[in-house]
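Listed in Swiss-Prot:
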ACT_SITE  HIS42  active site, proton acceptor
ACT_SITE  GLU69  active site, proton acceptor
ACT_SITE  HIS189  active site, proton donor
BINDING   ASN6, ARG17, GLY190, GLY211, HIS212  3-amino-2-oxopropyl phosphate binding site
BINDING   ASP8, HIS9, ARG44, HIS49, THR99  1-deoxy-D-xylulose 5-phosphate binding site
SITE      GLU150  site 'Transition state stabilizer'
Amino acid sequence: MRLAVNIDHIATLRNARNEGEPDPVAAALLAEESGAAGIVCHLREDRRHIRDNDLKGLRRSVKTKLDLEMAMTEEMQRIAIETVPELITLVPEKREELTTEGGFDIERHFKRLALFIEPIRAAGIEVSLFIEPDSRSIDLAAEAGSDLVELHTGSYALKSGEEQTAEFERIRHAAKYAVDRGLKVVAGHGLNYRNIQPFRQIPEIEEVSIGHALIARAAFVGIPEAVREMLDLIG
């Protein structure tokens, strides 16, 4: 299983003082050097953490894979096509939320989705949808032309005991179903050093995307050690 590191909260810390440090690009390079297989950033419409110049710097510097999380808007479609990350992930976005609160509502946007995706894929960019781990969302993602899905693990992260076990099984079944539908599978949201290890039991999940937990750990031990510790856990 591969590790993709979300560096949004490096930008959050920088923006707290509106100065140049810490630099998200430098953080991304440290993560790559330490074994991360990809870098994730979310260019939100309100630019609350990652900004346009960060994205340009990441595109110039990232050597593994750059995953641009974005809302389904004309502005973000244009930016994606101009920037050409290896991957874009469509996520829901609300101005009042602290972080992405759930999966992309494919049912609601389905009629526009294929047309939105088409020019992005034509630019040589893979497309992922951040979805709830259920068969209906997976079916619609496949029909819309998505290359892969990122299964939302937030509910798993918030639960404990038998409820968490049940949610894990839901994710396991969804991952297998997605692969059967011809989609590649990654997972993310709320994953941390305490709850990640069970995902080693789901071979269909090729990669996990981790941001807040890893950056929080890096505040104490540094990015290289935080990445290495997570890599040890995901095996």
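Keep in mind that glycine also has a Cβ here, set from the backbone N, Cα and C atoms.
What you see is a predicted model, and the numbers here were worked out from it, not measured in a lab.
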Quiz item: Can you tell which of ASP8, GLU69, GLU150 has the most other C-beta atoms within 10 Å, given these are the recorded positions?
Solution: GLU150
Quiz item: From the Cα of HIS42 (active site, proton acceptor) across to the Cα of ASP8 (1-deoxy-D-xylulose 5-phosphate binding site), what is the distance in angstrom?
Solution: 7
Quiz item: Does DSSP put HIS42 (active site, proton acceptor) in a helix, in a strand, or in coil?
Solution: strand
Exercise. Measuring CB to CB from ARG44 (1-deoxy-D-xylulose 5-phosphate binding site), give everything in the same chain under 8 Å that is also at least six residues away in sequence.
Key: ILE50, ALA71, GLU93
Exercise. Check the Cα distances from HIS212 (3-amino-2-oxopropyl phosphate binding site) to each of the recorded positions HIS9, HIS42, HIS49, GLU69, GLU150 and keep only the ones within 10 Å.
Key: HIS9
Quiz item: Which of the recorded positions ASN6, ARG17, HIS42, GLY211 has its Cα nearest to the Cα of HIS189 (active site, proton donor)?
Solution: GLY211
Quiz item: What recorded positions among ARG17, GLU69, GLU150, GLY190 are found with a C-alpha within 10 angstroms of that of HIS9 (1-deoxy-D-xylulose 5-phosphate binding site)?
Solution: none
Quiz item: Out of HIS9, ARG17, HIS42, which of the recorded positions has the smallest number of neighbouring Cβ atoms within 10 Å?
Solution: ARG17
Quiz item: Rounded to an integer, what is the Cα-Cα distance in Å between ARG17 (3-amino-2-oxopropyl phosphate binding site) and HIS49 (1-deoxy-D-xylulose 5-phosphate binding site)?
Solution: 12
